[in-house]
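Notes follow once the structure below has been shown.
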Amino acid sequence: MPIAPDRVRHPEKANRPDNPIQRKPEWLRVKAPTSPEYGETRSLMRGLRLNTVCEEAACPNIGECWKKKHATFMILGAVCTRACAFCNVATGRPDQLDPHEPEKVAEAVAHLKLEHIVVTSVDRDDLEDGGAGHFARTIRAIRAAAPGTTIEVLTPDFMKKKGAVETVVEARPDVFNHNLETAPRLYPTIRPGARYFTSLQLLARVKEIDPSMFTKSGIMVGLGETKEEVFQVMDDLRAADVDFMTIGQYLAPTPKHAKVDRFVTPDEFAGYVTVGRGKGFLMVASSPLTRSSYHAGADFERLRAAREAKLAGRPVAAPEATSAE
């Protein structure tokens, strides 16, 4: 279940000074979620006692996605064992694992008749396998309940626990996503519980195990990185043979989180698409509101078409930039 409203979500940030709230530019304004479909999706998640990253991470696209009955399921509980400076997911002592969660996720996928599903999780450094087995069971449960649904996983780094990546890959998701989140220079303050090159090694390992599996990774911009650092991240991801990169604007969930250094313009985001395509990515989704799972289903179809075109020696059509509409 989602975190109770009266629970302190980020006790480790409680004594930090507040950062000033910045007014968002017009291109980052979104409508409040009010559609009947939004309410139906929310009720289904509550009824099955499931968590979504859409709610827990305060995603700005929740109204649009839930109106379309698209949701990103967050497994392994609602409390994370790490405390990244950018993330709204609650931190602290993690929940007991729900052994029936894989089947509940599969039930929701079948009920919503989803063509493509994204499954992510909190970090569970307390578990022997980091939660990899739970990911694998969830993938298999979805395959059994909705065999026509394509599956994308967005995993933590599993703290380099032996066999964890192999366990997830062997369950055969269609896309394996693991986000770098930001440039390596910013890791000590933005992602202190993780290591940049550990994440790169994880992505490279996925391709070693199964070269046919699509891999994906994303970063946020507006945290103080330079364009040159973004280009270096692109090069590092391509060296790991990553197929698809996402780039979106960082938005501070609360005044206690890392401050927004600047709002990157839509033209700059479009420029990253051009550069990324030139570096060899099959797909680059880059816009102010781009998030890892935003338009994931449509992007998966484009990704598959891009690979087919490349293998056939045809020009790979450049995808349209992801809009905020």
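Including glycine, each Cβ sits where the backbone N, Cα and C put it.
Features reported for this protein in Swiss-Prot:
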- 1-24: region 'Disordered' (REGION)
- Cys54, Cys59, Cys65, Ser293: [4Fe-4S] cluster 1 binding site (BINDING)
- 66-282: domain 'Radical SAM core' (DOMAIN)
- Cys80, Cys84, Cys87: [4Fe-4S] cluster 2 binding site (BINDING)
Cα distance (Å, whole number) from Ser293 ([4Fe-4S] cluster 1 binding site) to Cys80 ([4Fe-4S] cluster 2 binding site): 19
Rounded Cα-Cα span from Ser293 ([4Fe-4S] cluster 1 binding site) to Cys84 ([4Fe-4S] cluster 2 binding site), Å: 19
Whole-number Å value for how far Ser293 ([4Fe-4S] cluster 1 binding site) lies from Cys87 ([4Fe-4S] cluster 2 binding site) (Cα to Cα): 15
DSSP three-state assignment (helix, strand or coil) for Ser293 ([4Fe-4S] cluster 1 binding site): coil
Cys84 ([4Fe-4S] cluster 2 binding site): tally of other CB atoms within 10 A of its CB: 21
Number of Cβ atoms other than its own within 10 Å, given for Cys87 ([4Fe-4S] cluster 2 binding site): 23
